[in-house]
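One structure is given below, encoded as structure tokens.
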Amino acid sequence: MQAFLKGTSISTKPPLTKDRGVAASAGSSGENKKAKPVPWVEKYRPKCVDEVAFQEEVVAVLKKSLEGADLPNLLFYGPPGTGKTSTILAAARELFGPELFRLRVLELNASDERGIQVVREKVKNFAQLTVSGSRSDGKPCPPFKIVILDEADSMTSAAQAALRRTMEKESKTTRFCLICNYVSRIIEPLTSRCSKFRFKPLSDKIQQQRLLDIAKKENVKISDEGIAYLVKVSEGDLRKAITFLQSATRLTGGKEITEKVITDIAGVIPAEKIDGVFAACQSGSFDKLEAVVKDLIDEGHAATQLVNQLHDVVVENNLSDKQKSIITEKLAEVDKCLADGADEHLQLISLCATVMQQLSQNC
């Protein structure tokens, strides 16, 4: 018996009472219920169709379907960050309610494999499922499902062709919503089966108002000038602007967000650097030009960003139309070469040499 007790240790702690156990479990559940940080893009995504801004035509059609009218197959196209995905998700939530949303909606985007095999199997199998169930709140529920194909312009032509027959055969129980940036990349047989809606780029005023609302709710210190600059660097993409605003808030830690902070967050090349490149082109010294370009690359600035910002400078400059056309054509060539993986240093030198050549004609 003593040998057995040597291998054990006697606990002197009092046993856990029922109350203490309940308190411990309550504490752990309280920690679990603590709000998790959510990206502001998702937090402030429109929850209903009425919250969608600046897209009156598509909102009117979706409202009719919410009132009981049939929903056609849809094709949303337009620039990124204008609310295409948010609009159809908000409409689906209103149509089906939170309980049936996951059962009635299939969403596939560019991160999913969407070749011809997926269209034939996953999409087809989902479309063939029978529709059942009713909403717990008593509101009418439409007798169909919705398949959302985000960034449909990246689907192969074979996959798009395979989708045609599925859209026709399952028209009684399934509606399709294709979302893309470039409608020209969608084959004509698909576009003819859908009601097309172009999402207009959001106006600066609407973007500024939305960002000010978010800043107020999140207690962010930013001036009206800062909001205007944020809209400018995001280039009409509200999703990008909201992401920049959240990143800048985390960086400043409660202090006021300045234009310099936004410039750092957005990866924008400072205006004085762009002016320096233009001044080097005007100087006529190739050595000076090469040194400026080398400094920009060594500092980690993206060549594509320089191309975009240099384009704005050229357009606003008082050059002749012929000079602007030659420079912008070269900008397009360099942009294509960079997209194909060409050397950044050589492409920027070539671009700036063309700018220098055209500026020298003013002398």
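Our numbering is plain: 1 for the first residue shown, then up by one each step along the chain.
Each residue, glycine too, has its Cβ placed from N, Cα and C.
Annotated N-acetylmethionine per Swiss-Prot: MET1, in sequence order. Taken from Swiss-Prot, the feature region 'Disordered' covers 1-36. Look at Swiss-Prot and you will find LYS6, LYS13 tagged as N6-acetyllysine. Summarising the annotation, Swiss-Prot assigns ATP binding site to GLY78, PRO79, PRO80, GLY81, THR82, GLY83, LYS84, THR85.
Structure with Swiss-Prot features highlighted.
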residue : record           : Cβ contacts under 8 Å, 6 or more apart
GLY78   : ATP binding site : LYS84, ASN181, ARG198, PHE199, LYS200, PRO201
PRO79   : ATP binding site : ASN181, PHE199, PRO201, GLY236, ASP237
PRO80   : ATP binding site : ASN181, ASP237, ARG239, LYS240
GLY81   : ATP binding site : LEU202, SER234, GLY236, ASP237, LEU238, ARG239, LYS240, ALA241
THR82   : ATP binding site : PHE54, GLN55, PHE199, LYS200, PRO201, LEU202, GLY236, ASP237, LEU238
THR85   : ATP binding site : ILE148, ASP150, ILE179
Would you say which of the binding-site residues GLY83, LYS84 has the most Cβ atoms within 10 Å of its own Cβ? LYS84
CB-centroid shell, 8 A cutoff, ATP site GLY78, PRO79, PRO80, GLY81, THR82, GLY83, LYS84, THR85, site residues removed: PHE76, ASN181, PHE199, ASP237, ARG239
Reduce the DSSP letter at LYS84 (ATP binding site) to three states and note it down. helix
